[in-house]
4 protein chains.
Amino acid sequence: MEKKALKIAVIGGGSSYTPEIVEGFIKKYPEMPIRELWLVDIEQGRHKLEIVGELAKRMVEKAGLPIEVHLTLDRREAIAGADFVTTQMRVGLLEARRRDEHIPISYGVIGQETTGPGGMLKALRTVPVILDICKDIEELAPNAWMLNFTNPAGIVTEAVQKYSKVKTVGLCNSPINFQKFLAKQYGVTEGEVLPEFVGINHLHWVTAAYVHGEDKLEEMINGGKDYSATNVTAFDWDADFLTSLNAIPTYYLRYFYMTNTMFNEMKTSLEKNGTRADVVSRVETELFELYKDVNLSEKPKQLEQRGGAYYSEAAVNLMHSLYTDKKDIQTLNVRNNGILDFLPDDASIEVNCVVTGQGPIPIPPQRVPEGIKGLIHAVKTYESLTIEAAISGDKGIALQAMVHHPLVPDVAVAKPMLEEMLEANRSYLPRFFDGK
Amino acid sequence: MEKKALKIAVIGGGSSYTPEIVEGFIKKYPEMPIRELWLVDIEQGRHKLEIVGELAKRMVEKAGLPIEVHLTLDRREAIAGADFVTTQMRVGLLEARRRDEHIPISYGVIGQETTGPGGMLKALRTVPVILDICKDIEELAPNAWMLNFTNPAGIVTEAVQKYSKVKTVGLCNSPINFQKFLAKQYGVTEGEVLPEFVGINHLHWVTAAYVHGEDKLEEMINGGKDYSATNVTAFDWDADFLTSLNAIPTYYLRYFYMTNTMFNEMKTSLEKNGTRADVVSRVETELFELYKDVNLSEKPKQLEQRGGAYYSEAAVNLMHSLYTDKKDIQTLNVRNNGILDFLPDDASIEVNCVVTGQGPIPIPPQRVPEGIKGLIHAVKTYESLTIEAAISGDKGIALQAMVHHPLVPDVAVAKPMLEEMLEANRSYLPRFFDGK
Amino acid sequence: MEKKALKIAVIGGGSSYTPEIVEGFIKKYPEMPIRELWLVDIEQGRHKLEIVGELAKRMVEKAGLPIEVHLTLDRREAIAGADFVTTQMRVGLLEARRRDEHIPISYGVIGQETTGPGGMLKALRTVPVILDICKDIEELAPNAWMLNFTNPAGIVTEAVQKYSKVKTVGLCNSPINFQKFLAKQYGVTEGEVLPEFVGINHLHWVTAAYVHGEDKLEEMINGGKDYSATNVTAFDWDADFLTSLNAIPTYYLRYFYMTNTMFNEMKTSLEKNGTRADVVSRVETELFELYKDVNLSEKPKQLEQRGGAYYSEAAVNLMHSLYTDKKDIQTLNVRNNGILDFLPDDASIEVNCVVTGQGPIPIPPQRVPEGIKGLIHAVKTYESLTIEAAISGDKGIALQAMVHHPLVPDVAVAKPMLEEMLEANRSYLPRFFDGK
Amino acid sequence: MEKKALKIAVIGGGSSYTPEIVEGFIKKYPEMPIRELWLVDIEQGRHKLEIVGELAKRMVEKAGLPIEVHLTLDRREAIAGADFVTTQMRVGLLEARRRDEHIPISYGVIGQETTGPGGMLKALRTVPVILDICKDIEELAPNAWMLNFTNPAGIVTEAVQKYSKVKTVGLCNSPINFQKFLAKQYGVTEGEVLPEFVGINHLHWVTAAYVHGEDKLEEMINGGKDYSATNVTAFDWDADFLTSLNAIPTYYLRYFYMTNTMFNEMKTSLEKNGTRADVVSRVETELFELYKDVNLSEKPKQLEQRGGAYYSEAAVNLMHSLYTDKKDIQTLNVRNNGILDFLPDDASIEVNCVVTGQGPIPIPPQRVPEGIKGLIHAVKTYESLTIEAAISGDKGIALQAMVHHPLVPDVAVAKPMLEEMLEANRSYLPRFFDGK
């Protein structure tokens, strides 16, 4: 059965990650031929789009593949008839991220891009924009899959699933990183391992780590083998805590399990190095300098230091399995549908799925430690309220979301902090400020 | 159909509350005749038992009722053949409460008798003692109802439901206080109002306030009618917060919704007045001075200032409805059984029940605000882990309970705090220290 | 708090049951004063409406009460501003019932008014008419309660709950009959007993029979005390079956548990006496002869032989509890909302409820025998499909409903039987036949 | 990572199916090397075991593989240290099957080996024997997987999961047959199709039929492509019924959806050809004649006519995936664990699973037609009661199981039929008759 060659639209195509996804498309070309690759960006991103777009063209040319690379500011042109649309964008650019990180710290609260008040404001800015894109997809490419790795990916994916008809899957690089780490630890291939993930995006636990069908979790925990990602400073987990938890928490859980420690580290780092946004800003400037080099026609090694390692590999793998009906197991953000029975059916969760040509089918985790259910539920509560606030522009609902976030300790903190953050994002929040 | 006169055993009978429950028995005598009232205490409480016991005898005598009042240190004698057993006790006495309140504060965490680390240690001390009592009840009074108002009442009740065959109900004075308040606000009798409670002990919300079948909740919230109890300093809730919450939180929720504010208030008060335990200690001394007066033969007015107002009324009402198969609605701590569908069936919850002669039948709340589910789930998670720790004496489980309590911000805080608190309670925690 | 006097509309007011409900209103008048009673019927029922309406007037007059009795064919006039609307009607009159009973028998299937194919056709005829009435209520009396005792009451009530905003409760006389029977058996008042019902309308089991809070179920089963209603010929249940079932099945369960026996009995009776419709027809003729007597000014004793004994008492009790916020327990057809956790939330079920001024709050049964869940689920499946068929006029869905009814043994029977029954009801089923 | 060669025990090794499983082992040898194959049978089966065992040895020899084939009547010797144990047996032999088929027909009820009263009695005989085998496995091969294809496979598997610690999976050839059929219809390999199954053993529906990720279900239904197995006479499904059902029912559903038709066909066939047991008996005699031929050293073609085609292929596939941690999708009988949310967690269901080295992980079906839930629930109810009866030997529970089976129409039929069937199986039902 022959399948037609694909059209792919990358929203936020001017991103510094683009060379990675292009590399992925080139590698998979024999099994997943692409006819057209559309890199889309907005006016403010035109310059970056041009630089990275030219690099993409050089990469394709060097590979000798008949992929047409299009650069455009016209989103609808890119989406029309696409088979896959990926979204990787930052509404408000790094400037907004800077504020998301700064303001909470000044109130004594964790200031982070995807977790806590920072993630909430990012969601409020992003959800309406994503839903606008979805309207275009509904109209111009109703059969397309939208692969979302725009953060906060769990919230954004849930919003699309609730308020649009677009077929969507949310993606994070955290699971694929763990899988690679596990395979490396045991000297086997990625296909020979199967970690089991429980939770929601940026709030998951590894509850089993099968290698050739044998669970190595306890060995990993007790052997002190620790897992570390590059985009969050590494702290060692307390060994007694890990043993009694009997699961490996994702890096982002440090914000919840080590709130004081992380807050202090952040505050110190902020004073010394500026926010993470500042750091990223410097790295990006350097990357784009590299990209400009007309002799460069492959993904530069430095990109791997950028933080989101393997994001694009995850995305390309997913497209590939959807395209070929591969039926392999990937960890994705999908509609709950009773898998975690204490969450609503329409909540997005991050779990292992079998990826068929019809889409991902979530697999129920074999074990959900009792202890973690409350935290998952509390954060999901905050997430759902945040979506409701983003859709309605209702300040009261936003206040409820903020107050019910486990990292926000007091209504007396939440209220002025929310006011300040909404005000600082005024130009990105028309639903909160229009007609007021 | 005639019913036999009752035997009642009050465990912790030397409590300063005893005159209130005796008054209740006297009032209900025509409908619920009592033959024997056994006040039991332990050796350390002998002196108080004698004082309050003599007062009880004078009260019964003055009322001219044929109730035999027995004072004893022999628990089994009191329990044998009882129809109702009530438990109101404090393992470790006020000295332990003092530590429960002090130590967390020194770690920057809320130090409170029933909420947070203090409540956890109180549970670890109390659960094994209560289960010992239950063994006696199973053997000597297998048909008795045990009415538990020993705190933390939710945890203690759940432990009994999980680890004993004794028929038990947990009780708190908070719901009856709200009911009386609501009736007073609207100038009607208590029978004409019906507040709807959702949650678990000391973590509940009023989600409807029916007066003659009409819901006055919104009016109460917007009218700024606030509800205040006497045993926790009153802060005003933020009006915007309350309006968007669309529910009235119980007083104990201030520890969660206003953590910083409450912590600071506690710390200041601690420095000025000592702990709440110190205050109670002074009040109790005064009360027992009054009780000694051989001319006193009724409950003194000063007892109403003590804090647990209407606790005994709630208890007597419950016995009365069980005894007469009254089928009225009371708010009680019972087994969940699917009522809150996101909690395990065997969790204890605090909801409205129809009280029949067979026991209370919980009524599903008509509305559970999405926003509060996460917090309820998180605290219930901590509670269940605490019970498991109390039963097993397993420090790892205790650490998990502590870390997953929403008021504990960091493993790096939880671990040394737990160590210090366990050590300080060593003599009350044989399961944690035996053979070690 | 004074409440205003009521306006009540009785749809199907020309029914022979009307004197019973009028008697009920008269008895409860002191606690529930009625200002206007509207008896409504359709043109074909005008004659009966006039006869029974005049009797109603004489009854009110004799009681000396200021209730205005209005007779009308204008439904909207009757509904406008009503506090309660009751519906008791038979779309297609006894002629349709005759067909519902006859046709299935000719296919070897139980032919009964509310159970099996007969009940299905009755539902197909009735649901659209009821929903038309509901539209009037939504418009003209949006705060009214609709008390439905139009059969099949479970299906009709579920349809209203799914497809209308009208506040509705479904009613059957079967539970009140059992309650009276139980009270009589034990020589106590009805208030002193509490049977527990599990199931759906005309398919319920008594799983507990509390008398003064003590469960007498086993005693009743083993003592061979049998419960019998007057509108279905009595067969004795097999004693071993009843003991191992450990519940008392409602009369209608004989169609399921004794299908052959009931079928044969029905067939024989049909040949001898005609259908039940024929019998009822004769009884009704006699009743209306009595009603015509201008000297009659009370409910005649003969009405009690009619079959639906205590239907009106159940209805008046319900209105009274809703009006007075009585908070007593009644067995009603209400939205499931998770009470029976294997059925959809929006299924109607028949269980005990606390009746407050806000409406009935269902109480979860304390025990649901595993054995009966499958049968309940199977019949509810049929019911939901029937509603969907009635709304859509889709023959395929109707076929699925028919085939999945436990009493229909074969697609090869279901299909022609359905065809014949639809055809026979053509004039009452515009949604199935319009434009075809 | 090297894996050790396997020991396999086949309980009921004297079965006529054995050559098929031996053929499967030979084919998969390169990926799944077997060291020892133990064929076990009981004394009555000694003759057949010897015949088929010698054939097995000749097959292995011809293939030139170092598999040791052992024949034994000592079950414990065969089980000790085994990696896989398969069970394929018939307690009571064909004689009992004959009675299971005959007796119900004489009461006007479907008489079938696995469905209805016949299946129930088969379960009552088999469950205790299987649990005895499980005790041996627990003791002698605690890490072994037991692959059960002893019928009624759903009930037997559920019994093992409830009453033993043995790791078990239930297997039926029906799903693999459909998969092969689907692949053949569309001219693709089996790996390129994915049918979705919903239900329980011998009571499932195909609700999706993916070919390269595209659902062909509607096309199959409307195109009239019908699926037929060889061990049940083929009737055509009614086209309108199938279209409105929007799912393809398994062959065994004809007993439920076409009860009259099937009953009549069975009765006629019984009179003409004897029972299915008689037919099988004749086929088996012929097969064993063939097996005796010392020149035969491969599976004879005639075996494919026997009825259970591909049973062994299903079993070998499952072992292979468990052994190699293959993570492919197979349709198996496993513990429900919330997958079908209206059934208990510990019910066995038949659904798609991902087979890892740890065992099968069930995948929630994407769609469960509302209409079929009731029937699944009703049959599962019967199954669970049957297990309870088999374990306890309680006649009352057996009566409840029989009465609640959807194919049994009347307590008045169920009771004498059960009595007669129990009596006829007396020697196989010690738990029902001991001490009585």
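Note: Cβ is positioned from N, Cα and C throughout, glycine not excepted.
What you are looking at is a predicted structure, and each value in this text was computed from that prediction instead of being measured.
Feature annotation from TrEMBL assigns substrate binding site to D:R97, D:N151. What TrEMBL lists as site 'Increases basicity of active site Tyr' is D:E113. Under the heading Mn(2+) binding site, TrEMBL lists D:C172, D:H202. The domain 'Glycosyl hydrolase family 4 C-terminal' annotation in TrEMBL covers D:197-408.
Features as recorded by TrEMBL, highlighted on the structure.
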| residue | record | DSSP class |
| --- | --- | --- |
| D:R97 | substrate binding site | helix |
| D:E113 | site 'Increases basicity of active site Tyr' | coil |
| D:N151 | substrate binding site | coil |
| D:C172 | Mn(2+) binding site | coil |
| D:H202 | Mn(2+) binding site | coil |
Using all protein chains in view, find how many other C-beta atoms are within 10 Å of the C-beta of D:R97 (substrate binding site).
24
Cα-to-Cα gap, D:R97 (substrate binding site) vs D:C172 (Mn(2+) binding site), nearest whole Å:
19
So among the recorded positions D:E113, D:N151, D:C172, D:H202, who's got the most Cβ atoms within 10 Å?
D:C172
Quick test of understanding: given the recorded positions D:R97, D:E113, D:C172, D:H202, name the ones whose C-beta is under 8 angstroms from chain C.
none
Quick one: average pLDDT across the domain 'Glycosyl hydrolase family 4 C-terminal' (D:197-408), no decimals.
89
Spatial neighbour of D:E113 (site 'Increases basicity of active site Tyr') that is closest, considering only the binding-site residues D:N151, D:C172, D:H202 and their CA atoms:
D:N151
About how far apart, in whole Å, are the alpha carbons (Cα) of D:H202 (Mn(2+) binding site) and D:N151 (substrate binding site)?
10
Quick one: pull the CA-CA distance for D:C172 (Mn(2+) binding site) versus D:N151 (substrate binding site), whole Å only.
9
